[in-house]
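Colleague: Have a look at this one before I ask anything.
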Amino acid sequence: MACNCQLMQDTPLLKFPCPRLILLFVLLIRLSQVSSDVDEQLSKSVKDKVLLPCRYNSPHEDESEDRIYWQKHDKVVLSVIAGKLKVWPEYKNRTLYDNTTYSLIILGLVLSDRGTYSCVVQKKERGTYEVKHLALVKLSIKADFSTPNITESGNPSADTKRITCFASGGFPKPRFSWLENGRELPGINTTISQDPESELYTISSQLDFNTTRNHTIKCLIKYGDAHVSEDFTWEKPPEDPPDSKNTLVLFGAGFGAVITVVVIVVIIKCFCKHRSCFRRNEASRETNNSLTFGPEEALAEQTVFL
């Protein structure tokens, strides 16, 4: 019974018996499930370019009828059939193909490009196509976090200060640590969020510390095999000399006492001067009376006044 099957969109019909076609489909399914049995593992950053090697040593023979497929899991990236290159829409304008080594170059990497890629080479033998080479390449992609930003976030109590560390734009999922002299400190309010569209992570955490001593605290963010960090330095405020306050108090008290004494002395002097003047005036008046009226008249006048 005839069997007409098509390997992929817009490719010629495969003219070989159904058992071999079924075997090929089983192979492609296994390619989409491969996680560890890969020939090579590569790690790149977002916006980088990567060369995925096919590792195929082609014999010196006619290659015009070879079929080369690059796939990512169960999705086709590009195909070369009868010398004609076809690139699938998701990879158009950002892929290059080396027709001598069958290598694939992807430009402007994005996070969605990560995964396991397979290079399949088929050759025509006795009228049918057989798989002659299979290479698996696992591509990991990371996005670098921004340099952490540490800010002061108030004082929960008199001798306690709170700081916040923040970073964004990274991938894969980060791990956060507060460190001082190599010792991990317990942070609070640590949050990790991921943007559903870009898949990039944002992370923030807070830490409370005692302000009565000096500190050098590190905010450390690890993601994949990379990390970023930032240091925060705190120096306790200088204290006043132990006797400076007492000196100021004593000086103020002494100055006040001096002013008080001066005021009292001035008042006493003014009072004495006034009293002395009053007595001199009285004595002068009595002398004048004695000279004017004589003793008897003066005595009579004094009696009248009494």
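Here the Cβ of each residue, glycine as well, is placed from N, Cα and C on the backbone.
Features from Swiss-Prot:
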{"type": "DISULFID", "residues": "CYS54-CYS119", "note": "disulfide bond"}
{"type": "DISULFID", "residues": "CYS165-CYS219", "note": "disulfide bond"}
{"type": "DOMAIN", "residues": "148-229", "note": "domain 'Ig-like C2-type'"}
{"type": "CARBOHYD", "residues": "ASN93", "note": "N-linked glycosylation site"}
{"type": "CARBOHYD", "residues": "ASN99", "note": "N-linked glycosylation site"}
{"type": "CARBOHYD", "residues": "ASN149", "note": "N-linked glycosylation site"}
{"type": "CARBOHYD", "residues": "ASN189", "note": "N-linked glycosylation site"}
{"type": "CARBOHYD", "residues": "ASN210", "note": "N-linked glycosylation site"}
{"type": "CARBOHYD", "residues": "ASN214", "note": "N-linked glycosylation site"}
{"type": "REGION", "residues": "227-246", "note": "region 'Ig-hinge-like'"}
{"type": "TOPO_DOM", "residues": "38-246", "note": "topological domain 'Extracellular'"}
{"type": "TRANSMEM", "residues": "247-268", "note": "transmembrane segment"}
Colleague: Which residues does ASN149 (N-linked glycosylation site) neighbour through Cβ under 8 Å, counting only same-chain ones at least six apart?
Modeller: CYS165, PHE166, ALA167, GLU230
Colleague: So if I measure Cβ to Cβ from ASN99 (N-linked glycosylation site) and keep only same-chain residues at least 6 apart in sequence, which ones fall under 8 Å?
Modeller: VAL80, LEU85
Colleague: Taking helix as H, G and I and strand as E and B in DSSP, count the residues of the domain 'Ig-like C2-type' (148-229) in helix, strand and coil.
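Modeller: Going through the domain 'Ig-like C2-type' (148-229) residue by residue, I get 0 helix, 56 strand, 26 coil.
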Colleague: Specify the nearest of the recorded positions CYS54, CYS119, ASN210, ASN214, CYS219 to ASN189 (N-linked glycosylation site), where nearness means the distance between Cα atoms.
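Modeller: Sorting the recorded positions by distance from ASN189 (N-linked glycosylation site), the top entry is CYS219.
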Colleague: By a 10 A CB contact count over all chains shown, which of the disulfide-bonded residues listed here is most packed: CYS54, CYS119, CYS219?
Modeller: CYS219
Colleague: Could you tally the C-beta atoms, other than its own, that fall within 10 angstroms of the C-beta of ASN189 (N-linked glycosylation site)?
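Modeller: Within a 10 Å radius of the Cβ of ASN189 (N-linked glycosylation site) lie 11 other Cβ atoms.
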Colleague: According to DSSP, which of helix, strand or coil covers CYS54 (disulfide bond)?
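Modeller: DSSP call for CYS54 (disulfide bond): coil, neither helix nor strand.
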Colleague: Name, in the order they occur in the sequence, the residues of the same chain whose CB lies under 8 A from the CB of ASN214 (N-linked glycosylation site) and which sit 6 or more residues away.
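Modeller: Correct list: THR233, TRP234, GLU235, LYS236.
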Colleague: Taking the Cβ of ASN210 (N-linked glycosylation site) as the centre, count every other Cβ atom within 10 Å, in any protein chain shown.
Modeller: 12
Colleague: Any idea what the Cα distance is from CYS219 (disulfide bond) over to CYS54 (disulfide bond), rounded to a whole Å?
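Modeller: Rounded to a whole number, the Cα-Cα distance is 42 Å.
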Colleague: Rounded to the nearest angstrom, how far is the Cα of ASN93 (N-linked glycosylation site) from the Cα of CYS54 (disulfide bond)?
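Modeller: ASN93 (N-linked glycosylation site) has its Cα 21 Å from the Cα of CYS54 (disulfide bond).
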